[in-house]
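Enquirer: Sharing the features that Swiss-Prot gives for it:
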| type | residues | note |
| --- | --- | --- |
| REGION | 367-371 | region 'Interaction with the histone H4 N-terminus' |
| REPEAT | 131-171 | repeat 'WD 1' |
| REPEAT | 184-224 | repeat 'WD 2' |
| REPEAT | 234-274 | repeat 'WD 3' |
| REPEAT | 281-321 | repeat 'WD 4' |
| REPEAT | 325-365 | repeat 'WD 5' |
| REPEAT | 382-422 | repeat 'WD 6' |
| SITE | L298 | site 'Important for interaction with HAT1' |
Amino acid sequence: MAPAASADHDMDVDMIHDEEDDQGERLINEEYKTWKKNSPFLTALTWPTLTVQWFPDVKEPEGKNYKIHRLLLGTHTSDESPNYLQIADVQIPKVVAPNPDDYDEERGEIGGYGKSGDVAAIKCDIVQRIEHPGEVNKARYQPQNPDILATLCVDGKILIFDRTKHPLDPTSTGKVNAQIELVGHEAEGFGLNWNPHEEGCLASGSEDTTMRLWDLKTLKADSRILNPSRTYRHHTQIVNDVQYHPISKNFIGSVSDDQTLQIVDIRHSETNKAAVVAKRGHLDAINALAFNPNSEVLVATASADKTIGIWDLRNVKEKVHTLEGHNDAVTSLAWHPTEAGILGSASYDRRIIFWDLSRVGEEQLPDDQDDGPPELLFMHGGHTNHLADFSWNPNEPWLVASAAEDNLLQIWKVAESIVGKDDGDLPIDELDR
């Protein structure tokens, strides 16, 4: 009789797990329905994209009530379908006077999150496709010339495309015509960053545990193949992300599965040891880093341990602060382009969180504590699967594009009533003291 009892117990456990899975799916679907009502724009892509970035330019067609922004996207298709590097035009309505008809009783405001009388005018169209070998792990434009695009491939190569030398729609010959191939990595990677201080230079990180630097200006006239100008072997495990310091032109940061944040000084010839090494800040792999563009010493790190670390580079023996609010690995980070203390993070928990570091340490009422720490400003829960990437729009404050493994590209904006500053907010330059 004992085996039968054991079988019954196993069936009960399976039923409980099935019920939990069903409840989880129902919760995800309900959240999605809510956000679908409130998001300015949701579009189902034919294939998911692992990468998204707003271009820096914006056009204002004469006589139109919208502006045209552009997005850089990729594809992640099945093996049978070709992959593309893609550019999309996004029509965003111009700011219009508040319409009393848009008053929302529940929020007590006109319009609000993603609400506008011109929402229907938002439109997203793919305007150029460039054939790509396999999925696009990451794509980024060169800041000095946004027509020059770099992509990370599944075989470890980095491809450089000049989009002006490619048709808007390829003939699907299966032939990839990149202008330059950067060869050196021995495995795929997701770390890619252009040098904001010097045109034609970029850094990359890979599963081969190396960080490599490249200088397109050294390419020989009769060649399409470029080798790295320098290879760093200061990490012991996968290098997940790399970034040039936006202020100090000689520093490059990298993070790794070895749970360290490391900063190299390119003025030094040493390639096996970093100038700055931050250890013991996380309990699992570090997936991303982001230097604060308004503070020379502040940097954030995102980890698989579900937390975000805030560091002062003058003393990396311990973190300045830890941001806690995600329920799964944190995979992406980006500071707001104009608000000095605002940090965005994306996670496998399907959420994007905006953090306001000026509110660190603020006192909370007991009821408010249930909503998270005081610095948790806003949480976007509209995706139904893991977040792949997100990007702040540099021209429209608080406008964000986000992409997830659910094939959805979302373009959304937070209501001003949510992100308004308080008089008692801490200045960003006081956080790093």
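Cβ from N, Cα, C; glycine included.
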Enquirer: Is it possible to list how many residues within the repeat 'WD 5' (325-365) are helical, extended or coil according to DSSP?
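Expert: The repeat 'WD 5' (325-365) comes out at 3 helix, 17 strand, 21 coil.
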Enquirer: For the repeat 'WD 3' (234-274), what are the same-chain contacts with Cβ under 8 Å, counting residues 6+ beyond its ends?
Expert: 189-198, 203-207, 209-211, 213, 280-291, 293, 296, 299, 301, 303, 309, 311, 313, 316
Enquirer: Taking the Cβ of L298 (site 'Important for interaction with HAT1') as the centre, count every other Cβ atom within 10 Å, in any protein chain shown.
Expert: 24
